[in-house]
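Positions annotated as substrate binding site by TrEMBL: Arg24, Gln25, Ala26, Gly27, Arg28, Asp74, Tyr149, Ser204, His319. Residues or ranges marked as domain 'Uroporphyrinogen decarboxylase (URO-D)' by TrEMBL: 19-28, 137-153. Taken from TrEMBL, the feature site 'Transition state stabilizer' applies to Asp74.
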Amino acid sequence: MTEKKLMKVLNGETVFPPPVWLMRQAGRYLPEYRETREQAGGFLDLCYNPDFATEVTLQPIRRFGFDASILFSDILVIPDALDRGVSFVKGEGPQMTPIRVDEIERLDPSRAETHLAPVIATVARLREELPAETTLIGFCGAPWTVATYMIAGHGTPDQAPARMFGYQHPQAMKQLLTLLAEMSADYLIRQLRAGADCVQIFDSWAGVLDEQSFRDYAIEPVKLIVSRVRAAIPDARIIGFAKGAGYRLRTYRQDTGVDALGMDWQVPLAFGRELQKDGAVQGNLDPLRLIAGGRALDEGVDAIMEALSGGPFVFNLGHGITPDAPIAHVEQLLTRIRG
Ligand SMILES: Cc1c2[nH]c(c1CCC(=O)O)Cc1[nH]c(c(CCC(=O)O)c1C)Cc1[nH]c(c(CCC(=O)O)c1C)Cc1[nH]c(c(C)c1CCC(=O)O)C2
């Protein structure tokens, strides 16, 4: 069996043209997603229904033939498994009950295995239904990013509530992040055993942390996840996406043990090349260039390809695709990369 393109890259090989997938590639920019979403009812009903979740995961593969498919779910299924009252309100994003310091000790992870069983069933279904050449990526949120939502109860522009919580209650914060790391490791191990080829850890809010907090809240918990996953599955391949980490990506790979680094669009390409000397990198087109289309899109793609396609590289956006992305621009992107 020939190895899948993306897996070759995660093993340090250079593949040309590079494999490409887009963060949030199943989503509201696709009419077929909006239709299935309508049928499923709520967003979480979609995540926990293997028929619907398999269908929406496959939609972007059928339409565009991406090299990788990412399990359809959400990072907030972990707090949902902890009974934090997670809901997705139209137009307002995710909401849940903000956690108090004294509740952290009483969080009970024992429901998670049963609660998340439908997501694992979706992974197994995808394994059967995906084309043989398509890599299946599992994922979880990094403990810090998940904690920011658990503490504030909703999204915020700079995660001030979680940062403040960390300064005022460092012990409780550490306890929360350790619990989330242990649950996330178990969850990733189950995804890999069910058929995911590799996994990505999304730390979308790593960038707001100061130096010490970055070490304690972004590095340490992800390192714990990586070591637990590797203890169970020694050759597991893991992508770390620490958005906004900037210069700190220089040591993120060694410090956490992830194989590949996801880069947001603010990471300079020359720095990306430096990072590539130690292994694979993934990224990093500004999602707004995809909306703009035309020359802005072509020039963005060309600059990235020129800088990074000579080494181990996975083409992606620097953050998730947004609902206003035109389908024709996604096609333009793929043609530009693949020729
Ligand atoms: C922070 C975060 C979340 N979820 C996720 C992150 C980390 C990555 C990032 O920073 O984008 C990760 C995520 N969310 C979703 C996926 C599915 C896989 C994929 O296609 O990439 C993945 C990997 C589906 C989703 N997750 C969500 C949607 C939109 C929900 C809908 O259909 O109404 C999708 C397709 C909802 C969600 N979920 C979350 C938010 C903030 C929102 C609302 C934002 C919005 O409305 O666009 C939390």
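Just so you know, the numbers here start at 1 and follow the chain as drawn.
Cβ from N, Cα, C; glycine included.
As a whole-number mean, the pLDDT of the domain 'Uroporphyrinogen decarboxylase (URO-D)' (19-28) in this prediction is 97. A sphere of 10 angstroms centred on the C-beta of Arg28 (substrate binding site) encloses 14 other C-beta atoms.
Across the domain 'Uroporphyrinogen decarboxylase (URO-D)' (19-28), DSSP helix (H, G, I), strand (E, B) and coil residues number 0 helix, 1 strand, 9 coil. Filtering Arg24, Asp74, Tyr149 by Cβ distance to ligand 1 (under 6 A) retains the following recorded positions: Arg24, Asp74. Sorting each residue of the domain 'Uroporphyrinogen decarboxylase (URO-D)' (137-153) by its DSSP state yields 10 helix, 5 strand, 2 coil. Looking at His319 (substrate binding site) and Asp74 (site 'Transition state stabilizer'), their Cα atoms lie 15 Å from each other. Cβ neighbours of Tyr149 (substrate binding site) (same chain, under 8 Å, six or more residues apart in sequence): Leu76, Pro79, Pro94, Met96, Gly155. Binding of substrate is attributed in the record to Arg24, Gln25, Ala26, Gly27, Arg28, Asp74, Tyr149, Ser204, His319, and the widest Cα separation among these residues amounts to 22 Å. The candidate set comprises the binding-site residues Arg24, His319. Of these, His319 has the most other Cβ atoms within 10 Å.
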